[in-house]
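Novice: Pasting a structure here, questions to come.
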Ligand code: KIV
Ligand code: ZN
């Protein structure tokens, strides 16, 4: 019988640490709900001690999915971090406190400036405290792959005796090599089984040498029962182990590994697309499983072979990972049934008939304007519709909305005039700039009253044909922090204004009510 591997998704914690990938609470909840559809076992929702916004996001994720899946969040080995985790996840049915503390010489010496025994004692005390709050505690031995084995094992032994129920062995800096990492896990597993066979052994790899998936798979062969992964491999620097790669490797080569996960693989691609949509970070076209070309065969020899039998060149089918076997092109005459089917494939579950009708109206307007509507258009419609859902009234009153705009571009004096709304307030102003976008961003910045710096601005065409939908991604810097804003529209100037405004709204959502910059009405 196949050994079940537990999947912990840390996209919302380790993945979200990537500059520009910061998500607000609403986006985190939307992604967590998709993780629920994907059937991950544990979601790591954030690092609640890092900011009030993160604390609230973790709490919102707990309330949204905490009945269906286990929820965890990260704490350093200090009481206040552990309290923040406990308070933010305690409403989940299966809450798990995750504590991290370094074990390598370089971490112990440079980060803590204490003796090894003193650092280990910090870990033990942290676990004892966490256990006084909840029964399930994971302990991560940060930088384990560069740690001295004796000290690493002594730490594991001590924290297990203090009550840790999961031991996570990270390759924090992506230094490990598959054979060596598998061997490390095998050695730890052997001792751990003798110490307390109920303790779950987990691994967490980074991809600095492009070996994260290989190291994770090797660790599974060495006895690891749990893997920590992110969707699209999103994460610090070169990223984390990619969820979809590990899951499909175990599925395609189940006979070799003798292991499987509970992941619903047909949700892999929708999850990857949702993450791209929410973060604005594209997946490289040749990325395994979720890249645009992952199932595209271009050479004549391959195409010929495939036509004879798909198995000639295909080790898994695109349908298995959620790619549509045939893309449907919708038009204004496609009707409700066809549209409902297409929207459902993009994860849309209408709250009621009125909700479906509201989305269908938007589809008809797009179909009238564009004639042909493709899958990615339906995806954009569904996500735009979700994001436009009425928010909590107090929150909505703090957010800026674009009411109207006009941009005049010429060589002398590009000018933008914008009208914004925030709650009952209307804000209106004009600005000139080096170009139309500069003028547009300038006036929005002034009206919103935030001293933001534009770090990055990118426009992509999302669809085929002349009537393209533009997707705009921007990154803003405010108070040393980076915020992202995204928007789509057939009018790229409007998409740019909306993206900029979404970035500003991300700052508003990250600050406490009343802490926002004072609005200077122009
Ligand atoms: O990479 C790492 O070591 C981590 C730990 C918190 C598990 O992210
Ligand atoms: Zn990590």
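Cβ atoms here come from the backbone N, Cα and C positions, even for glycine.
TrEMBL labels come from automatic prediction, so no person has curated them.
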Novice: 204, 206, 240 bind Mn(2+) according to TrEMBL; which of 9, 14, 434, 438 goes with them?
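Specialist: For the Mn(2+) site that includes 204, 206, 240, TrEMBL also lists 14.
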Novice: Across the domain 'Pyruvate carboxyltransferase' (5-269), what does the pLDDT come to on average, as a whole number?
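Specialist: It averages 96.
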Novice: Just to be sure I understand, if DSSP states are collapsed into helix, strand and coil, how many residues of the region 'Regulatory domain' (401-522) fall in each?
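Specialist: DSSP classes over the region 'Regulatory domain' (401-522) add up to 32 helix, 51 strand, 39 coil.
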Novice: Translate the DSSP assignment of residue 14 (Mn(2+) binding site) into the three-state scheme.
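Specialist: Looking at the DSSP assignment, residue 14 (Mn(2+) binding site) belongs to neither helix nor strand, so coil.
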Novice: Considering the binding-site residues 204, 206, which residue's Cβ sits among the greatest number of other Cβ atoms within 10 Å?
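Specialist: For the binding-site residues 204, 206, the Cβ with the most other Cβ atoms within 10 Å is 204.
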Novice: Take the mean position of the Cβ atoms of 14, 204, 206, 240, the recorded Mn(2+) site. Which other residues of that chain put their Cβ within 8 Å of it?
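Specialist: Neighbours found: 10, 170, 172, 205, 212, 228, 229, 230, 235, 236, 239, 241.
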Novice: Specify the count of other C-beta atoms within 10 Å of the C-beta of residue 14 (Mn(2+) binding site).
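Specialist: I get 24 for this one.
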